[in-house]
Amino acid sequence: MSNISVIGTGSYVPNNIITNDFLSTIVDTSDEWIRTRTGILERRISKGENTIYMATESAKEAIKNANIEANDLDLIIVATLTPDNFMPSTACSVQKEIGAINALCFDISAACSGFIYGLEIACSMLKNSFRNKALIIGAENLSKIVDWEDRNTCVLFGDGAGAAILSKTKEEGILEFHSGSNGLKGEHLTCGVLKANNTPNKNDRLEKNNFIKMNGKEIFRFAVGAMNETICNIQEKTKWNLNEVKYIISHQANSRIIEYTAKKLNTEKDKFYMNLDKYGNTSAASIPIALDEMNKRGLLNKKDKIILVGFGGGLTFGGVAIVWSI
């Protein structure tokens, strides 16, 4: 059976930068308060760029980086909480924009774990079918579902998209996954609760709560536990020692979560790649944006061992061990 490797990456973030100082003019906060509690200095907020546009731009970069054509793609999966439409899917819209006429396309919704889930689904589909190449995108326009009057959440999130292309290869590449869900704790991170009285028999306008709501303490506790469990499980499956792992690329939610996880694993914080100071929490886009940034900066060499790990609403979590092949 063929191996599956990452052969290209891409990303897109809006040019519009919103600083902590700016946020302090609209909610009761400060640069110092945000920095010390989250590690975030600024975030990118879309100015007209929708989810499809950002996803498409990241896809174009990944295709170029992989040195393939769009019609070489057999599968497109987009992980997003913030689609522009329910139909057509964001993946189908990206297919149209890039001309990937041979691709099967669909979206998934797994919050900040979405990119990891997308990788696992794509690997399974490539291994068990005639398909050879897949495009996985994490794309979010979170600014449209953030409550800009809630200082506990509006300081956290940003917009952007990241993408990776997978291909069947003879080289060692994507090795082991560990993923799961805990719906019992889903109430701690929510968005978009539809009203039960919206029925075909009523002419009421659809009402819904569009804003992200989060129980920060519970999510922090869950995140540290899920990250630790996932990384340890992947180590057990791969027989990797953390000293062999060049980088852990985690969901970019909060620097404190990463620091606590590093302590639990008895490893240095610098093993975790972080760029949340520039982009904030971009949900499903955060891991592929970080991966592409590392690729562009030349931080990853062929045969490097890396672990990707995510956690988020649902509640969801997941991780994957990868031997870098670019």
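Cβ atoms are placed via backbone N, Cα and C, with glycine included.
Listed in sequence order, HIS251, ALA253, ASN281, SER283, ALA284, SER286, GLY310, PHE311, GLY312, GLY313, THR316 are the same-chain residues at least 6 apart in sequence whose CB falls under 8 Å from the CB of CYS112 (active site). The annotation active site is assigned in Swiss-Prot to CYS112 (among others) on the grounds of sequence analysis.
The active site annotation in Swiss-Prot covers HIS251 (among others) and rests on sequence analysis. HIS251 (active site) falls outside any helix or strand according to DSSP and counts as coil. Around HIS251 (active site), a 10 Å sphere centred on its CB holds 34 further CB atoms from the protein chains shown.
According to Swiss-Prot, the feature active site maps to ASN281 (among others). Annotation note: ASN281 (active site) sits in a strand segment as assigned by DSSP.
As annotated by Swiss-Prot, region 'ACP-binding' applies to 252-256, with the evidence given as sequence analysis. Within the chain, the region 'ACP-binding' (252-256) has long-range Cβ neighbours (under 8 A, six or more residues past its boundaries) at 37-40, 112, 156, 220, 223, 274-277, 279-282, 286-287, 289-290, 311-312.
Every protein chain shown contributes to the tally, and the Cβ of ASN281 (active site) ends up with 24 other Cβ atoms within 10 Å. Taken as a whole, the region 'ACP-binding' (252-256) shows an average pLDDT of 96 in this prediction.
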